[in-house]
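Novice: Attaching a single structure in structure tokens format; questions to follow.
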Amino acid sequence: ALSMMLIPGSLVFLFGRMLKTKLQIHPHAIMIFVAMFVMFIGFLVTCLYFEFAGNPVLHHLGIAGGNMEGKETRFGIGLSALFTTITTAFTTGTVNNMHDSLTPLGGMVPMVLMMLNAVFGGEGVGLMNMLIYVMLTVFICSLMIGKTPSYLGMKIEGKEMKLIALSFLVHPLLILVFSALAFIVPGASDALTNPQFHGVSQVLYEFTSSSANNGSGFEGLGDNTVFWNISTGIVMLLARYIPIVLQILIVSSLVNKKTYQQHTQDVPINNLFFSSVLIIFIILLSGLTFLPDLMLGPIGEQLLLHA
């Protein structure tokens, strides 16, 4: 588990070293790491809670205990939930338990982590995606206080915001459009092994994992068909290269700008307040994007268990 975390986590500090002329870590990078770490711990605690809580339907039948379905006894619930959270936060794709057998909200944790694709994320790509959220946060906060948006002494203007918005939208568009196609294309939905809320979760997870280049899946989905193999391959290809190209264009636009010394009127990016605001904006932006689909999937399934 630790080996999966080292490189993506250390790249945040590498970014901090690159911002400093001396051999020091820029405090802005530390604040980004704090935001990532707090969100990671929050998702881990959520997954642990719902997995140890178990299945309400079984509790009504007098069968107490956590959710051990799909898990090896040598790992148990705790280590399985930990591995699940790490492998999807750091997008490695390895598994030590069946994600399809997680409780609805326990299974929503890896799904949401891949939807964000920025809580550490993959090597390099996770940091790039987080910087998109950072620039969106700086832009919105600057407008809220009536200041010219700027990041690290470089003004964020219309051209950059268009590219930032496009880069932000690629990931959810690929997930949602191809998930919709899975229910529209004749025969594609035959792969579903669950006709209700969990079937929606299986489809969402499949394309979320493909778009995040993760590799794990809700393996109850019979996805070894022409539609699923081709569609997930297209999603992997587009989700990998389009954001990278857009982010390179953002960087090339910013580096050609005249930089200036940051002053007190700018949005502060080197304190815990910025980390808190960054977390809030990530939750708000992602919630507005994915919450309706999560309601049709894991959240609806959890409510059904309590019905």
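Cβ from N, Cα, C; glycine included.
OK, Swiss-Prot features for this one:
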TRANSMEM  30-50  transmembrane segment
TRANSMEM  75-95  transmembrane segment
TRANSMEM  102-122  transmembrane segment
TRANSMEM  125-145  transmembrane segment
TRANSMEM  164-184  transmembrane segment
TRANSMEM  234-254  transmembrane segment
TRANSMEM  272-292  transmembrane segment
Novice: Under 8 Å, at least 3 Cβ pairs, sequence separation 6 or more: does that hold for the transmembrane segment (30-50) versus the transmembrane segment (234-254)?
Specialist: no
Novice: Please report, as numbers and ranges, the same-chain residues at least 6 past the borders of the transmembrane segment (272-292) whose CB is under 8 Å from any CB of it.
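Specialist: Result: 28, 31-32, 34-35, 38-39, 112, 115-116, 118, 133-134, 136-137, 140-141, 168, 172, 175.
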